């Protein structure tokens, strides 16, 4: 019954708000005194009765007119703002929604500055604004006005924004979609706006969660991007980063992919789950992509530790096809790659992403050849930085470092066919991208993919997986061939242009290579006749059945033409072909464009025209016949009715459009040009130019003619450029770009001139296009010289024109030309004052347009446009910078030096002020300026003098404003444009790309031979490969037999371990030794047996020829210096049964650099703990069962330790004699290929004995940390600086229970295991468990190891044989043989992978590319301008900022701790979250029934004081009514005083209130009380029974409680507040609503209480309530009369007006 009653009552309440009254026309006499007008308006608005709503509406609208007329002036208005607001707020209480809307509008016009807003908020009008937003009564007009008012409040002063309105907006944002609220998007937009202006109030109220929740709700990329960008903006700056919970909030957008059981809403029906999941995938994908498009997003998702990027890549390793499919789409989008079609056929998928595939925009009716060429032909810029390359390189490096390539290998070999195909193409694309844009240290190991190769070659893995791997390798080979070939033109028109350009440049015929195949034929008449017969042309007239391949061969036959062969058969052959091709025959011309043979027929047609040309006089007649027929067809096509003629002639759909190619072919030959002139073809085409509606014919004309010779073709082009329609002029202008990129001969002589003419076209689009093409053309110095020679006017073209003019300064000729006119000095001043800053806007706008949905406003329109259309791999070529152009020559450099420009810029970089956005922009401007200066050798010298590059590097790694780091990455790329710049960055552990764009993929240097010679001359490291490979290298290790790892040495008994260590100690003298003593530890286990012979050979191969062995009898091996003791060590192990913490007393390096030396004995050390923050592992941290060694590894033998220690060096040098077989590093381990150190640390928290899986990693990266080891190092702890990737299923296995304590040491194991690639075991049962276990561990413990391992078959042999196999099993006895078997698959190209590498030749230089010297490419300014830190994690480190709420917890005695304070202290910002102490008093209050039932009831028990009003938080400041009493000094009537003042209660005995003596026990009728106390107090009664309670009368004894006594009013107030507070919880909501409805029904006057309503509004503003609950509560109070507030307004209006001041001023 209660539920039914509730529904009826709410319905009735809603009807009240629907008043469709229109505005009554109320005249406003603006000539009257403004104060009189205002008084009249306010009196009408404030009257409770006697004024219709329509009239009130008119008066409110007059108020806005009056304000607009006289402005904001209390003197003129005659009222204080407080008085005006007290009257205006009554409009918000009106029953008509139109009046409320007008009241909100009036307030919006009134609030002009912070002082007025403060007064509005002081009078608690925000409660009423929130009420307008909350109540849903189809009152969109009112709510729209409320939201507009809210936005005005944000604009005026966001820092004053009230939490009451914020909570209301957030409630709509959270629950609006379920409620079908049409204002939900508007509210979310306002929350975003507010978050940028006042993030604290949004974060405090849980608004950031609302924004992120809506990211997953929204499938519109523009909105989705705006939402996530709001969060990213907060993460960008250290001051606002505190409002976003680290590692929690941003990662929510990953949940649909990383949580397999993700449900966005618990209410989703089972039938809709799949559809809902797809929607979440789409929204999440948009959010992830937008996040990776910003620096804040990249750095937060890629930061070391348990990062979002690791979660994403880790999920690839779990065999869930739906997730894998979705994630692959995300990855394609992140890297801006075209998505292949869904198919099981690799070739079909490959063709779908071929850049040369047909696109709709290439049709004749659309962009045609100009659009196709822009896609296919490369940009002219060879070394101009494309900022998209820098961005993609950074993203790619981060993904590769976190194991993406290995994750893809797992997807390829263990997924459905269509997913496997997509993953293969993605892998190919990423490898291609890595080779093109990644520096050596990030890419030198990518071309091997040992894991995939080993899978394809090893027979130890399942056949299906092996076949998949093999197929993938074949597919990658096909992909490689496609990339090597480059994009081929689709249309014959573009192919024709390119081939002719190549032919003229190389001075040879385009078909020369094809003809080589024909030379083998006997050049005899007999052979020709046989071919004529076989071609079928002479046999029958079925044209399409002729042998067109043979026809083409005959036409290209050397020395065969009509002049040389007079045979009649050849003439018949020609006549038949001529008849077929003539338009009048309607044979060729009527064939469909989509015909399979269409291209071949056209190519043969072009060859036919060339054949007739070569035949000279004999063929002239035939050719003239053909050309005249084409002219006749042309005249007919360009008839009076173009639409009809196009339709009839089928120009758009048939091969007739290819007749223009015949004309184009003729225009390439001098004789052909004469023929075209003779037949009036040029005249016909010239006539076309001026015709309207012939766009298609003009496009074909422009695209077909040859312009390499001066003649009529250029005249036609020039006429089309100037006289044709807008569309044709634009197309012809775009075609000039085609000619530029195709490298048409002498373009600088005539093309530049045509482009300069187009700059003055009246159509801005055309002039802008011409300007863009000129900008590209000026990449070529010849074109730039030609442009300077023409001295064009560019100033009318805005910023782009200015930037093109600045290009003149890069060469002395242009500099002199502009300097003579005083232009240079003016520009230097202009750039110094404003343009350096404007340059930042220019670049960031281009980047935004390329990376986001943002689109540049058109023609000065300020409206920011967004587009859902996805751009195909856009380019952002760096705009020209004044300083960057000047430094190309000595004069310009001198100019910059004289003006001290660089000194000032360096000062800005060294002392940045990051508090204001203006200062951040100033810093960016300085960085861009310095980067441009450093892009030439001249300028670089200036930067070196100032020594500013280290400061830029420091900003790139440590700047707390994350977007500055991004700018630094771009800027350092500019410095890497020259060889000198690359070398400087190399010294600071930044690696650069050392090639230009003119080198096609794959990048192969000219001096490969020299490289090979250098490689072969270097002594080898330990080579883990077959004898044949070793011998090819002439290395010292060639004498090692293939069984070198079958080491057997039983000196230490059967339970000892054979473990390889590689310990490089920089300051120690290199030596090899065996350690006695600790080696005998029983807790160790072996990898394989050993023999002294082989062992010695290994030692020999590992030792430098000039150094001596240290015998095993010398335990000390020479005394180590104290320096040696303190130096950091790099350790690689194949397995570590134990951990030994370095316990040197002098060990003082920073915690981020501590290394663990893994030994069989456990030596805890407190001293190490003191040295830094990395916890040490003491004796109690790891406990091994005594039986561990003997039970598990009975069969195995001794442990050998091999140590290489490099010689002392002032820099951190890594020697080549490293024990390394990493097939992913082309034989260059991270030790021998980078100037960095590697540390291993173990997290004690990760040594949980419940974790049963080996914490291994799979990643194709090599880890390098380039921190110098100083005690002062302030880098973050290892838990942040090291990353771990997940192992794909099958690449690692679960440890047995006995081995669980090994988990932590095994983290370091990974390093060496990564370097030995063997074969997989087939124990599939551990796959899923191991992977899931690792996922859990990653979330629980940030692992502390660097992860550079690969999921290789070899690693699994090691792990499974030594750890998971049973001790006595046959499998474990075969370890050595399996080990060797695996070794045979450990390499792809053994010469590349396992060859010895000399420190001087290949350290930090690309295995293929980096040997290419600048001399190879010529010029110094030749690289693409891209640099990355050797350890990419360097730029992903962020200082932990504590979450802001921890700072706001009030002290225990504070009022805020007692209850809900005004600033919301201590409140949770989570949805529905209440801090426990916030409302504990209200929650602990006894219900009304309990109080009545108490035997010992007394007034003092439930009244807090003798003046208790029943309102816990009521004050004069937070009550709508009382605040005015305080403000006005207004004395309410006696009738009103009883509302709030209860000082008279103490005089009334309790017995009088209750009409019964205190001592009588209170009887309860349970069925009648359960409606309130049972449900409200969370009793076990169910909602259904609660709602069906028959009656909820409150009884005292048998009598009903009298509701007119003060005591009862207080109790009812308390009960209402208690129930309202309970509504903020989602538990038993229906019960609490029923309780409130019952009180409403029995005691309706309870809710007619302004103070109670204010208290409830106060609750609503400081607690989180669901939208449904807010609406329910607001509707309960819709009957409040607010009479007292009307009385206050009347009292205000009764005060005489303030007019003396106005009169005096008027008189004076």
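In case you wondered, yes, glycine gets a Cβ from its N, Cα and C as well.
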168, 656, 810, 1312 - residue that Swiss-Prot labels as phosphoserine: 1312
Further binder of ATP named by Swiss-Prot next to 572, 576, taken from the candidates 543, 549, 559: 543
Among 584, 718, 1384, 1654, residue with annotation phosphoserine (source: Swiss-Prot): 1384
Record feature phosphoserine (Swiss-Prot), assigned residue among 163, 690, 1387: 1387
Feature region 'Disordered' in Swiss-Prot, mapped to one of the ranges 978-1007, 1068-1097, 1218-1247: 1218-1247
Residue from 21, 1035, 1588 to which Swiss-Prot assigns phosphoserine: 21
Nearest recorded site to residue 274 (ubiquitin cross-link) by CA-CA distance, among binding-site residues 543, 572, 576: 543
ATP site shell beyond 543, 572, 576, criterion: Cβ within 8 Å of Cβ centroid: 537, 538, 541, 546, 573, 575, 577, 579, 580
Recorded positions compared (274, 572, 576) - highest count of Cβ atoms within 10 Å: 576
Greatest inter-residue Cα distance in Å for the ATP-binding set 543, 572, 576: 14
Stretch-averaged pLDDT - the region 'Interaction with NBN' (1-789): 88
Helix-strand-coil residue split for the region 'Ribosome-binding domain' (521-570), DSSP-based: 24 helix, 0 strand, 26 coil
Cβ contacts of residue 543 (ATP binding site) (under 8 Å, same chain, 6 or more positions away): 580, 587, 588
